[in-house]
Amino acid sequence: MTTGRIPFPTLLRVETRKLVDTRGSKVITGVLAVLTAGAVVVRGIASGPELHTAAVTAGIVVGILLPVLAILTVTGEWSHRTALTTFTLEPRRGRVWAAKCLPPLVASVLACVFAMLVAAPVTAAVAAAQGVPADWRVALPALAGWTATTVLLTAQGLALGTVLMNAPAAIVVFLSNAVMWSVVARLGSAGEAATQWLDLNTATIPLVNGTMTGGDAARVAVSSLAWIVLPMAAGMVRTMRREVG
Amino acid sequence: MGVIEFHRLSKTYSDVKALDDVSFTVPAGSVTGFLGPNGAGKSTAMRILAGLSRPTSGSATVLGRPYAELERPGYDVGTLLDASAQHPGRTGREVLTLGAMMLGLPRTRVDEVLELVGLTGKEGRRPVGGYSLGMRQRLGIGHALLGRPRALILDEPANGLDPQGIHWMRGLLRDLARSGCAVLLSSHLLHEVEQVADRIVMIGRGRLLAQGTPAELGRGRSLEQTFLELTAAADRGLA
């Protein structure tokens, strides 16, 4: 008989498998891959053969769909009440949650790599078709910043899903964020400042552009604290304390 | 010493006493029927036992330890708390595969368990959303048995089973008890437990009403009469 706790890699494998082991999750993953590749192709054709532009366009798709997938992952145990079996096999809920949150974060990095891999042949093909030289220049700081931003947005989805424990609520909050902040930004200088410091999307613009300054980094940190660290901390407290029924 | 022990367990939700000073044990090699009307506190007690809910006072232990302290509980205790609590898009086989992965069991165990609970290979490949309640109960019992545990906690496992299914489950639980397993089985229907249980614990309005062997509890009268009188008395006591 095996003794000792379930090894963390095993929990990771189980939670990763849960991402793609139902028809619904397979469809989402498929849609994600198709839309990511599609965005790269369409942008490549529209804007000409520029590798960086084509790849980063995929970030718009990835930055919305991966956080939604992340929300569905962390709320699924509650909405389908599978927490009943999951937490009886591993009562240390924090370990389960860590195993649940890591795969979407890794998937965010992989999605960015995937976008680059699709963008390269698209750039070459567009250059050949339009008879113009391809622009292969890639700004590494911008590429790293874009990847980091995608990871942050997925983390925001995980945090919102964990604290709200309800997929529709978390998805609405996540998607209405941009609208809400565009309104706040118009509320005079105070609203503008609040948007710069508290809206993750606004704060990460310099990160995506690869033009980070010290002040920009502080704004990314503060908005991440507000939208990732604090909700995740509150969500973990709720998760640990919740009576499962 | 019992494999499963409840010691002076109480649980209060705002102003409702769901459990009030409940103590009993489930010894190895026995089937204990946990009997009581709906809302008597059976599920609350079993969820506290499985570490999913916190007691207000008292304790519940498996193999002498609180559930949360068991290193890999699936090997010590199998639980079926709600057969309907499944992702509808996951197949029965996948549910068992995830459990087997968590316990570090080979995939052949999944096939063994499917056969043990009478689900065909074809049924195992179907999403649980299309299962009848009886099939979900079979799947849940199979999931509980994956790690060949020494204790079983089954909350209303006979719900939705057809007569053949109930007959099958009785035989299975008797075999498990004979091999040394401590089985705690809840039901709100007396006839579901009286034929399989070695011991019966009756609960009503959160309080332990009686416990003993079916013969002891019947005391010459029918067990059903005892059950109805005791639960009626518990209801009056509250009013």
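Each residue, glycine too, has its Cβ placed from N, Cα and C.
Look at TrEMBL and you will find A:27-46 (among others) tagged as transmembrane segment. When Cβ-Cβ distances below 8 Å are used as the criterion, the transmembrane segment (A:27-46) is approached by residues 19-20, 53-55, 57-58, 60-62, 65-66, 68-69, 72, 111, 114-115, 118-119, 122-123, 125-126 of the same chain, each at least six residues removed from its ends.
Summarising the annotation, TrEMBL assigns transmembrane segment to A:52-74 (among others). Panel annotation: around the transmembrane segment (A:52-74), residues 15, 18-19, 25, 28-29, 31-32, 35-40, 42-44, 97, 100-101, 103-104, 107-108, 111-112, 114-116, 118-119, 122-123, 135, 137-139, 142-143, 146, 149-150, 153-158, 160-162, 167, 170-171, 174-175, 208 of the same chain, lying at least six beyond its termini, place a Cβ under 8 Å from a Cβ of the stretch.
Long-range contacts of the transmembrane segment (A:102-126) within its own chain (CB-CB distance under 8 A, at least 6 residues past either end) are made by residues 12, 15-16, 19, 32-33, 36-37, 40-41, 44-45, 48-51, 54-56, 58-59, 62, 66, 69-70, 73, 134-136, 143, 146-147, 150-151, 153-155, 157-158. Look at TrEMBL and you will find A:102-126 (among others) tagged as transmembrane segment.
Summarising the annotation, TrEMBL assigns transmembrane segment to A:138-160 (among others).
A Cβ distance under 8 Å defines the sequence-distant neighbours of the transmembrane segment (A:167-188), meaning residues of its chain 6+ beyond its ends; these are 64, 67-68, 71-72, 75-76, 79, 156-157, 160-161, 194-195, 198-202. According to TrEMBL, the transmembrane segment annotation covers A:167-188 (among others).
Annotation comment: TrEMBL describes A:217-237 (among others) as transmembrane segment.
Only residues 6 or more beyond the boundaries of the transmembrane segment (A:217-237), in the same chain, are considered here, and those with a CB under 8 A from a CB of the stretch are 94, 97, 152, 155-156, 158-165, 196-200, 202-204, 207.
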